[in-house]
Amino acid sequence: MTNYRVESSSGRAARKTRLALMGPAFIAAIGYIDPGNFATNIQAGASFGYQLLWVVVWANLMAMLIQILSAKLGIATGKNLAEQIRDHYPRPVVWFYWVQAEIIAMATDLAEFIGAAIGFKLILGVSLLQGAVLTGIATFLILMLQRRGQKPLEKVIGGLLLFVAAAYIVELIFSQPNLAQLGKGMVIPSLPTSEAVFLAAGVLGATIMPHVIYLHSSLTQHLHGGSRQQRYSATKWDVAIAMTIAGFVNLAMMATAAAAFHFSGHTGVADLDEAYLTLQPLLSHAAATVFGLSLVAAGLSSTVVGTLAGQVVMQGFIRFHIPLWVRRTVTMLPSFIVILMGLDPTRILVMSQVLLSFGIALALVPLLIFTSDSKLMGDLVNSKRVKQTGWVIVVLVVALNIWLLVGTALGL
């Protein structure tokens, strides 16, 4: 009886430790449901129904492995990816890495900020500029939580992730997708046309985000409590749960677009405004409002995450620190310039995804090299199977993004 109590007590303590260590992956997972994903998934679902759902499944599995490697690097070495690159690469290479990472962080933030502004415009009936002002105020308020430490921010970001997931459960109820066709689309690969290949590349490009690769290693490098193996075990659970939620949201986005648009003949729906306006008569005003609210939640949370990622790359690569509010102010400026110039916001979203594709391999290659180094990683070094899988992902992601870039350049 005494032994049972001791085991029960130790089991509760282990669960408590694991729970305390969870949270960083929920911040990273927000990068996988930003407005760029909304635009790409809606276009894919409207154009090809359920046929590209399998791409979301595989992209999410790849993203899970990448985020586990990023988190593991921080746990094993106590340094984030940007700091490891700074320590191991020549100075000119480090400066190149910093410049491209900053450009990518700003391009990401541009898409996320404008996405949230579009959401405010749709649900409140304000102008895009007024939506941008509301987005700026809201992100400043969320970033103020950072003063209280990482945990409060994790809770708010995690709450927004769960809100978006709940919103898409509601959208699925409204749209009532064909479950048999949905299941088939998730497991049977299909690329019926060259446009489908291009959209599949876009889905993958919008899913794997370089800025959260840098960020996740930073969020785990200062984790305390439990042994190193316990921290790694908790992190695997953290990533599995958070990325499963993000994967569900992406699947639900595409499935809703398929059920609501593709099978009603609206196969040309390609932007967020059009999706909102088309949802109202097809499903209901409530469905359109839920869509708008989910876009706001995803945009706000992902633009906060983008700001944090920008801070990490600056501190990691060049050891320079600026206050978060200064960075937030500077990175908002391109969004306001785009809006004031009257540029097409959906086109800007697509262009930002193309810019992101340049940074994916630049983040993935050193991540795989460092996490495969036994001197750096010790007992957390990558296994042979993980190394092989990792390099296959790198080759696949690079190939698909080259296809995406060429296709975009040719105007496909």
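Don't overthink the numbers, they just go from 1 along the chain as shown.
Cβ coordinates are placed from backbone N, Cα and C, and glycine is handled just like the others.
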Tell me if the membrane topology in Swiss-Prot places Leu308 and Gly125 on the same side.
-> no
So what's near the transmembrane segment (156-175) in sequence-distant terms, Cβ-Cβ under 8 Å and 6+ beyond its ends?
-> 23, 26-27, 29-30, 33, 142, 145, 242, 245-246, 248-249, 252-253, 255-256, 259-260, 283-284, 286-287, 290-291, 293-294, 297-298, 300-301, 304-305
What stretch, picked from 52-71, 239-258, 388-406, has the most CB pairs under 8 A with the transmembrane segment (351-370)?
-> 388-406
Summed over the topological domain 'Periplasmic' (119-125), the DSSP helix, strand and coil counts are 6 helix, 0 strand, 1 coil
Between the transmembrane segment (96-118) and the transmembrane segment (239-258), do 3 or more CB pairs sit under 8 angstroms, pairs being 6 or more residues apart?
-> no
